[in-house]
Amino acid sequence: MQYESVPQTEYQKYSVDSSLLGDAQKNFAKKVFSIVGFQLMATTIIAYLAMNYRFFETLCEILFIPAIICAVVSGVWIYLSRTSARKFPLNYILLSIFTLGESITLATSCAQIGDPELIFQAFLITTVIVVALAIYSITTQNDLSFHGTTIFLLSLGCAIAGITYFFSGNSMAYQIYLIGGAISLGLYLVYDIQLIMGDKNLRLTIDDYILGSILIYTDIIRIFLRIVKILLKEKKEK
């Protein structure tokens, strides 16, 4: 089954129709989640090596700034260029560069924290949260695909709280930044999964599997990093 192509930065509205929930959309979802699985596996391996072997930690530190640049450039390229995001093998090359860049920056951060037990705890908590949210996204009748603006405003409020803490040191603002940010990131994950599953009022087209995988991957990484921040805060307060 073929769908009408739309720009990857816009979502296609449609009335829920069983003809649109066929094998094509299911295969699209499977493809996206498979790619995300490989992305997360690569990130986990790189982070493990950086935390356990000094050579890899040093290498990640050296590549930290170039990795950030590569991740930003490739991510923006995929997001803004429909042709590049859908053209094989360029789309996979860009995805690999993005994933490697994100993995190196994450691995460097984890290694610098210097607490493998805390990182592993954050990994387990993130896994439980992501699985629970994925199940909810697939089974719920609630449609979050219409509430992208609301989630964005919640995230904006958390960002403002973070800026307030940075300049004033207000502990309440930091609490809002951490907890509110974690909630908004969870909502973003549900929102993006529903876009990929395609059984709500908005969806990604089946040609946007690279964009879909980046959305889910970055949601999970951001949730993990937020959990790490929360655990670090609790550790300092003990």
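Glycine residues also receive a Cβ, built from the backbone N, Cα and C atoms like all the rest.
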Candidate ranges 92-111, 212-231 [criterion: TrEMBL lists as transmembrane segment]:
92-111
Considering only Cβ pairs within less than 8 angstroms, which of the stretches 32-50, 62-80, 118-138, 174-197 has the most against the transmembrane segment (92-111)?
62-80
